[in-house]
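The annotation domain 'Pili assembly chaperone N-terminal' is assigned in TrEMBL to 22-139. Annotation comment: TrEMBL describes 163-219 as domain 'Pili assembly chaperone C-terminal'. The annotation signal peptide is assigned in TrEMBL to 1-20.
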Amino acid sequence: MRKFKLIISSLLLACTCAHASISADRTRVIYDEASKGVSIVVENTDNKDPFLVQSWIENENGHKINEPLIALPLLQRIDPKQKKQVRISASKNNLNAAEDKETLFYFNILGIPPKSEIENAVEIVIQSRFKLFYRPTGLKKYPDNNWQKELKVEKTGNSLKLTNPTPYHVVVININDNLSKVDNFQEIIIKPNSNSVYSLPDNKTKSPKMVITYIDDYGTPKLLNYTCQSTTCTLVNDK
């Protein structure tokens, strides 16, 4: 057993890891139909190594697609401290997407490091995945793009029913009766004109207040404060 531990320790000491340093200029992508496309700036923040960067689109179910949207170039080299663009555009005239509501896709980039010259080096590729919202023309407009304020909240026992009556997605990253972050909260994506049910912790079921944190188009967390009486929760203000 002692000999086995020594071998493992030697291997760990001999391992040098290379981390991909590829970043994008945003945390989510908004594709307006009228714009005919959107460009994302991708940067190699590494000081000395070039990277190959692969780009692709997935549908809402996580399946890689080439239509109705495509990200080009599919593969490109980005030198140290260099920025390049990835262009997302329609791959055919008819997107076959809903015209009365937003559609969710995912934009992916994968940074592939050069082969290391160090013996026993472990080369790590890092994938980044971004929500990509396709918005057809003609969708209802809301003041300051705050459609999240339309979210309807009903409280029944230990459950909150969140109803989204808008043609846009609502991305919720926290629900609590105060400003504290809930440990291990699982992000909730409420689709257009649909609802989602969240199970409250036992110590929150009788609270008359609810604070819902959502993410706006710029990736900024915003708050919706509700007071709850009986089963109905009323929005009192937002920040």
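Cβ atoms here come from the backbone N, Cα and C positions, even for glycine.
Any TrEMBL annotation is an automated prediction that lacks curation.
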(request) Write out how many residues of the domain 'Pili assembly chaperone C-terminal' (163-219) are helix, how many strand and how many coil, based on DSSP. (result) 3 helix, 25 strand, 29 coil
(request) Over the span of the domain 'Pili assembly chaperone N-terminal' (22-139), count residues by DSSP class, listing helix, strand and coil in order. (result) 3 helix, 64 strand, 51 coil
